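Asks: Sending over a structure as structure tokens; questions will come in a sec.
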Amino acid sequence: MGTKVNIIVGSHVWAEEPDVAWVDGEVVKINGEEAEIQVANGKKIVQKLSKLYPKDMEAAAGGVDDMTKLSYLHEPGVLQNLATRYELNEIYTYTGNILIAVNPFQRLQHLYDSHMMQQYKGAPFGELSPHVFAVADVAYRAMIHEGRSNSILVSGESGAGKTETTKMLMQYLAYLGGRAATEGRTVEQQVLESNPVLEAFGNAKTVRNNNSSRFGKFVEIQFDKHGRISGAAVRTYLLERSRVCQISDPERNYHCFYLLCAAPQEELDKYKLEHPRTYHYLNKSNCYDLVGVSDAREYLATRRAMDIVGISTQEQDAIFRVVAAILHIGNIEFAKGKEADSSVLKDDKSKFHLETAAELLMCDPGALTDALCKRVMVTPEEVIKRSLDPYSATISRDGFAKTIYSRLFDWLVDKINSSIGQDANSKCLIGVLDIYGFESFKSNSFEQFCINYTNEKLQQHFNQHVFKMEQEEYTKEQIDWSYIEFVDNQDVLDLIEKETWWRYCTSR
Ligand SMILES: Nc1ncnc2c1ncn2[C@@H]1O[C@H](COP(=O)(O)OP(=O)(O)OP(=O)(O)O)[C@@H](O)[C@H]1O
């Protein structure tokens, strides 16, 4: 990493400091491989020479808008530049043709208004300040001129701002390729308005983000030969199913559960719902409300968004019946049955929740009890029904809840897609990939493992394009260059993708 320079007494350097990442100071003494540094806050620290990075004392006061303009391209230099710009509300910075966005955690309205859109339309890349609109503009213009589809990859840790960035990309693409609304709503309006519906069912509060997407999303915006939007499709990946049954403090389950519990009284009566703390799937965390968010208002907003994307009132009722049924299913408890390894409903409360769930799902309560308390095995010869003990019945109950929730989500995505409409004759498309972010906890679920693996795979794609292919090109053309060191994660991918590793994991 970075440029090799001689560090001597008097050099201004960056040194790693666990509490604040990096501190800067002046080298006052060198002892063999170690240097003593006088840090700006008056402290003196000792650090290995090999771990020090030179500080650019002539750096521009407001930072640089492209990292490639930095004198020293190392981690502290890059972070310092981002921090300097962030202080000035400059949240976007280029690294060549890649855009880095720092989450401002506040609405910077002036950055996204229609005047800004006009400015970026057709402006050569790099001529104006770094901006997410510039990235969308390049993708659009390249698509028009080269007649080829393009994709924009939005990546970053959870809470970094991927979904917000994706929305802005889509808004700008809608501005470039939008048509004047003649009859009803345009494709682009429908794509943008499908967001609140997807977020109500696929987003939740996590430790890091009050509105964290718990699914991956690839939005395809299709264009006709005149560069006008002609259709769109939303493809979703790997919804975090486990959240339906398992949450920990201070997280929340999917928003839709809380929205429904805050619905007008007549709806609560219809779905036989009470406060979220009544429900097993919600009361494993003490967090029920989000600061600054009214679930009652969000419920009405989601209903309106459903109207807009073409989900009928009857379908909306069916959707919320499933949501309510899941909450009731979670409250069904089991006790030991008379026969060995069998189970029955624990008490009248459980009976009430089972009957309500059956009524909401429009199925026979006896069949629902059987589905939860028995396992059906189909062999070539016969169909065997086996009773389940209370523990296994509880697992079966949770599996059932997760399955109907994820099918409801898939159904919603299909519904949104069919009402937006796809253009089978589309010439080109721009895809925006908003994959959910890398996270690492003390204990990580299999789902988290899959998410992190996907992020590693995307990182490799990035490495391939930015470093490997570029450097191969230099070698081929015999251009004099110095090799750029980068952390190649191919070993990690090889390990995960090897069949032997999977055999080892599954045999344990
Ligand atoms: N450009 C922005 N302007 C204003 N606020 C922003 C911006 N980007 C992000 N935020 C704020 O940060 C929060 C988290 O952003 P976002 O949901 O986009 O993160 P994410 O990277 O998609 O996270 P996850 O992977 O958990 O879904 C948003 O709810 C919003 O409050």
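A Cβ is built for glycine as well, from the same backbone N, Cα and C atoms used for every other residue.
Where the annotation comes from TrEMBL, it is an automatic prediction and has not been curated.
Taken from TrEMBL, the feature domain 'Myosin N-terminal SH3-like' applies to 8-57. Annotation source TrEMBL lists domain 'Myosin motor' at 62-508. As annotated by TrEMBL, ATP binding site applies to G156, E157, S158, G159, A160, G161, K162, T163.
Quick one: where do these features end up spatially?
Replies: Secondary structure counts, DSSP: the domain 'Myosin N-terminal SH3-like' (8-57) has 3 helix, 30 strand, 17 coil.
Around the Cβ of S158 (ATP binding site), a 10 Å sphere holds 17 further Cβ atoms from the protein chains shown.
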Asks: Ten-angstrom check, please: count other Cβ atoms within 10 Å of the Cβ of G161 (ATP binding site), all chains counted.
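Replies: Excluding its own Cβ, the number within 10 Å is 20.
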Asks: Would you list, in sequence order, the residues of this chain other than G156, E157, S158, G159, A160, G161, K162, T163 that have their CB within 8 A of the centroid of the site's CB atoms, where the site is the one recorded for ATP?
Replies: N103, N209, G437
Asks: Near ligand 1, which of the binding-site residues E157, S158, T163 have CB less than 6 Å from any of its atoms?
Replies: S158, T163
Asks: Could you pull the average pLDDT for the domain 'Myosin N-terminal SH3-like' (8-57)?
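Replies: When the pLDDT values over the domain 'Myosin N-terminal SH3-like' (8-57) are averaged, the result is 91.
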